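Participant: One structure, pasted below without further comment.
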Ligand SMILES: NC(=O)CC[C@H](N)C(=O)O
């Protein structure tokens, strides 16, 4: 059976994740309501603007149910703004910014600075066989530090940001600073589908 994976569709690049999930062997649906959240085996929180998604989660009465689902073990993959929303701690966040949390990590928002707002580079990702993942970073956060419960799975390998942590796994939660849905490399979505299937 194909797992049913939702894409949180409040803001951000929803369509690209739906397409990438379908290619990775899942059945993908958009999620905007609690009733839709209740039906999925896993959820993607896309990139976009974490402060906006935070506000919309409250407006749509999804903040508490999603937080509870994460605590209950729902597999979730957060990309970029989604990574920020999964982090227990945020540096350089907006004054009233809250996160769903669940991952024992500290992210720094917009960490790569203005002059390198957007760039692409190769990233070695644990659990992804083959060559490094070609990753796009768009006003991305990096992971400043991880606590003992979280496992670093991706760091930048070259250039000025070499050594920066950009991918983390904690049980059924996965987060990347980058956007695998726009560079045509399906392996991060395949990794998440295998997490949802409890195979990896
Ligand atoms: N591409 C993205 O998701 C950017 C994230 C955005 N800078 C934020 O702070 O939420």
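Each Cβ is built from the backbone N, Cα and C atoms, and glycine gets one as well.
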Participant: For the L-glutamine site that TrEMBL gives with 48, 49, 50, 138, 139, which of 109, 164, 169 also belongs there?
Facilitator: 109
Participant: At the level of the C-alpha atoms, what whole-angstrom distance separates residue 139 (L-glutamine binding site) and residue 80 (active site, nucleophile)?
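Facilitator: Pair distance, Cα basis, whole Å: 8 Å.
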Participant: Got a sec? Which of 50, 80, 109, 138, 139, 181, the recorded positions, have CB under 6 Å of any ligand 1 atom?
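Facilitator: Among 50, 80, 109, 138, 139, 181, near ligand 1: 50, 80, 109, 138, 139.
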Participant: Of 80, 179, 181, which active-site residues come within 10 Å of residue 50 (L-glutamine binding site), going by C-alpha to C-alpha distance?
Facilitator: 80
Participant: I'd like to know which of these binding-site residues, 109, 139, is least surrounded, judged by other CB atoms within 10 A.
Facilitator: 139
